[in-house]
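See structure below.
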Amino acid sequence: MTISSASPGLAMPDPKNRLFGPLPDVSAEAGYEEDHPKRVGFFTDTSVCIGCKACEVACKEWNTLPMDDSFGVKDAMGLSGMSYDNTGQLGANSWRHVAFIEQSRAVDLPMPTFGRPGDDRHDHGASPTTPGDDFSLANAQQSVLNAEALSEFDPQTGQTGADKQIRWLMSSDVCKHCTHAGCLDVCPTGALFRTEFGTVVVQQDICNGCGYCVAACPYGVIDQRKEDGRVFKCTMCYDRLTDGLQPACATACPTQSIQFGDLDELQERADARLATLKAQGVETARLYGRDENDGVGGDGAFFLLLDEPEVYGLPPDPIVTTRDLPAMWKAAGKAAVMMIGVAVTAVLGSRRR
Amino acid sequence: MTGGITSPDAGWRQADRGPSTQHTTKKRRKRGGGRGRGEVAMVDDVEFTSYYGRQIVKTPVWKSPDVPLYLFLGGAAGSSSILAAIADLTDRPTLTRVGRYTAGAGSLLSVVALVHDLGRPERFLHMLRVFKPTSPLSVGTYILSPFSAAAAATAAVELLGWFPRLKRFGGVVSAIFGGPLATYTGVLLANTAVPSWHAAHEQLPYVFGGSAMAAGGGISMIFVPVDEAGPARKMAVAGAAIELAVVHRVENDHGIESEPYHEGRPGKLMQAAKTCTAVGAGLTVLAGRTRIGAIASGTLLAAGSLLTRFGVFEAGIASTKDPKYVVIPQRERLAAQQNGHASTITR
């Protein structure tokens, strides 16, 4: 028996943020030597997701995941009846899940008239170089994708009638590989572990199907295969990573909505992307899981969203349950002492026969 | 809280899906079964958004009779072992014997229930690979294992009448682990993302501790002659009082996360639990010194404890199935942070 390295223990003040808060080096905290690889992650930029589900298919193929319907019923092929999303949710057999949200809004003002897309790019100052060369052409194309696509000339936005506008939000959800992973904290067998890449993976030969991780995940990612008994979730293609390959979903994504790489680099890229979108007037763009001061210490897989997280089925402010564990153990200890106190009092307070 | 949540931008709404995705919670009043007088509305009208009404956190895969039964048996066994050890030291042989049998039988059955609940029961011993203080189930394994070994061995030698000194030692060992066994299960449930369990994380250990004493005391009252069962009666009544007091806080202190404790099947179970426990405790005080009164009140107390476990368990399960129990408290938390100290969350 070993004291698990993934177990920060009962260090109550938690000065090293072992239960909660920012953690600069998750792998080192989990016990890896200093020369471990850098922490990797996913940046899922939903503003360029086209909902093709190539990520889902690639994931199923690579990881040989069984078929199931949108409620996790195995070998059932059912339509969810709610949208183009027939995957429904992340689960034991769906490690990528593309959400489809159809939204409409009332349009009060007469719609602005457009020229060709990109014609007004100079107003945005998006092209710092002289017009006409290849670089600025690329920029212009980028600008079409970025600015107009999301603000005024959104290809996902169509008009139905004069007073109503429709847009589609699409987002490929995945295990967040949290800095403070609830599933990892509560696993009693050590089946869940932190890899050298900073990801969280289940060892299938260890898992005994206790199901604690299922209840502990604040995002509802990990789940049990009923017929198997064990739990399954995204491994960020641990097998591919160890061979120097990118995860299957990121490889398959045709629009680079799913970007894989070193987490710090992805974070920089995401910040820049957010700044670009904000500058272009996409007020609702926001990063989700990027903030290392959030309830799970930041996510290894984070997102750029165009609406509130709950619209995509994500919790707005998830907190790793173990943050409150010291308080819980304290309460349990006091309650146990209380029991002995009551029992002693009850016995001593009673007359002997 | 209303408005604004779903549409900070230019009024985007879920298209043609109004009822299933753009929810508004109904104004609900606490139904206290006659005690509702003076209660305030628990939850105001709150609009919130979800993804086609789908749940966000997963429903625990723990099976229903197994886990609540484990919580009950572990609690009853734990409190009985404590009572038995102290009764042994103060020379109360019948109370000691009954307590040891209860502890021994309860511990063995709770091991069976716990192992049976695993997806891969044959891998139970994988629990013993590591010790993880962050995993209540791991800690619980290291509480339950020595407890069940000591309590079962003590009950066995009690039955056979061998090794009197070893018996006392085994009884004391099981009593040491008995308290933690009864209260750690509160942490086991609370240390999850299940909204209605986690919200009550500082109360559930006390609920289960009190409930355990009500059950252990009640079972002892059934089998021990009334003139020797004084300690069992006192422990049972004290436990029942603690249970009722703390359950009241669980059911009312946590806003919308308390709601599942009042509604549907869990609400009925909680109501039945409170009734059984209260009537059982009252009957113990009034008629606990008669044989029939002791049997009736002891049974009621044990039933109340069992129902409390089922009620708490099912309330948590219910709270995972509706996204409002995840979204609304988290939204409120974010709003409070923005009002209070805006710098903590930037998204």
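Using N, Cα and C of the backbone, Cβ positions are placed for all residues, glycine too.
Those TrEMBL annotations? Automatic predictions, nothing curated.
Taken from TrEMBL, the feature region 'Disordered' applies to B:1-38.
Taken from TrEMBL, the feature compositional bias 'Basic residues' covers B:24-34.
Among the features that TrEMBL reports, transmembrane segment is placed at B:69-89 (among others). Long-range contacts of the transmembrane segment (B:69-89) within its own chain (CB-CB distance under 8 A, at least 6 residues past either end) are made by residues 95-100, 102-107, 109-110, 113-114, 117, 144, 147, 151, 168, 171-172, 174-175, 177-182, 185, 189, 208-209, 211-213, 215-217, 219-220, 231-232, 235, 239, 302, 305-306, 309, 313.
According to TrEMBL, the transmembrane segment annotation covers B:101-119 (among others). Nonlocal intrachain contacts for the transmembrane segment (B:101-119), taken as residues 6+ away from its ends with a CB within less than 8 angstroms of a stretch CB, comprise 61-63, 66-67, 69-70, 73-74, 76-78, 80-81, 84, 144, 147-148, 151-156, 158-159, 174, 178, 216, 219-220.
According to TrEMBL, the feature transmembrane segment maps to B:139-160 (among others).
Per TrEMBL, transmembrane segment is recorded for B:172-194 (among others).
Residues annotated as transmembrane segment in TrEMBL: B:206-226 (among others).
Sequence-distant neighbours of the transmembrane segment (B:172-194) (same chain, 6+ residues past either end, Cβ-Cβ under 8 Å): 57, 60, 70-71, 74-75, 77-82, 84-86, 103, 107, 136-137, 139-140, 143-144, 146-147, 150-151, 154, 200-201, 203-209, 212-213, 312-313, 316-317, 319-320.
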